[in-house]
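S.K.: What follows is a structure written as structure tokens; I'll ask about it next.
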């Protein structure tokens, strides 16, 4: 095994020979990262990406200045989907080491799960992986139910069944109950709902290759809320939380749903399908109906829902939508505490009416007359939240996955959002 490259921190600038903008320097003892006090965590993450790019796969974080957040920033930049990497961590106190270990276990699970090929990760596998992760941290405080295939249709989960029926891999609804109180009648504090489309071809509204090649990641919302619940549990979550994952493939076959089909939901809403590639909202609707029935204090849904959110924010921020200003402010405060990027986008009452249909109450996509695609998608979802004006947050996960590497991230999943949602749950 190769000897570890030592990585140390310094608050002094690099020697002038490295240039005035140098963020790291190399000497016989290893590599020094030169912190400037302005964006130290970002600097560490970007430097780690460069170190990995040099082919250095075994490092030792050495010397003073390392804490859990700085170690984590290094790992976020250092980790990549190909190859193996080894980090020898510095001495941390017990609380910081436990925090770091939990991030490594859970957020790496999120990244690895999102990066998994669709051939390996179908709807049933995603649901079972979620159960395994949360059971690992919660033990007997968890119960769950998995409903799949024709049972979904018989029980009225028509959005999920309609989208997923074309695949040989049956659609699945995971309903998981984390109840640390032990009281079956305990109120539900929060419900988490995740879009788990394990591959999205677009259906008959088929995607071009350039937009389909990353669609193994279309279950990023489900992975994110699963990781968030698991991480909140490790931080001492003592309230009852329910998790609903809406898992399916969106494929083409003789049995696939078609443009012009009308879906009737359990809350009485009828939706005309005018774009089979706007399938995420169709499956989330089923999960949101179940979440609303629990009468929780808050509902958080997460989904890689629209290209419009990425157009607005790139892959750098998650988009946040809510009618509840106070709750949105709490989530943004949690994001700031966890150093994760969220940005609130508009959601108003008029967005709820910008999905007109000639044949049903709602259309599943906005027309050219209503181009605010991310906002109208959120408006669509609001029709399936009983008290949508209070206690509901919608996260359009535009920062979940990167098709290509950038200066601070490798290609693939980021794991962003897990800590923010966990922070909100435990605040």
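Any Cβ shown, glycine's included, is placed from N, Cα and C.
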S.K.: Among 200, 213, 325, which residue shares the Mn(2+) 1 site with 277, 279 according to Swiss-Prot?
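M.R.: Record source Swiss-Prot; matching candidate: 200.
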S.K.: Since Swiss-Prot lists 195, 200, 279 for Mn(2+) 2, which candidate among 218, 261, 301 does it give for that site as well?
M.R.: 218
S.K.: For the binding-site residues 200, 277, 279, which one has the sparsest Cβ surroundings, going by other Cβ atoms within 10 Å?
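M.R.: Candidates: the binding-site residues 200, 277, 279. Fewest Cβ atoms within 10 Å: 277.
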S.K.: In DSSP terms, helix, strand or coil for residue 207 (active site)?
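M.R.: In three-state terms, residue 207 (active site) counts as coil.
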S.K.: Just give me the nearest neighbour of residue 207 (active site) among the recorded positions 218, 277, 281, Cα to Cα.
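M.R.: The answer is 277.
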S.K.: Please report the distance from the Cα of residue 218 (Mn(2+) 2 binding site) to the Cα of residue 277 (Mn(2+) 1 binding site), rounded to the nearest angstrom.
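M.R.: Residue 218 (Mn(2+) 2 binding site) and residue 277 (Mn(2+) 1 binding site) have their Cα atoms 12 Å apart.
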S.K.: 195, 207, 281: which of these recorded positions has the highest Cβ count within 10 Å of its own Cβ?
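M.R.: Per the Cβ count within 10 Å, the most buried is 195.
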S.K.: Helix, strand or coil for residue 279 (Mn(2+) 2 binding site)? Use DSSP.
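M.R.: Once the DSSP labels are grouped into three classes, residue 279 (Mn(2+) 2 binding site) ends up as coil.
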S.K.: Identify all same-chain residues not among 200, 277, 279 whose C-beta atom falls within 8 angstroms of the centroid of the Mn(2+) 1 site's C-beta atoms; report them in sequence order.
M.R.: 163, 197, 201, 202, 203, 205, 207, 218, 250, 276, 278, 280
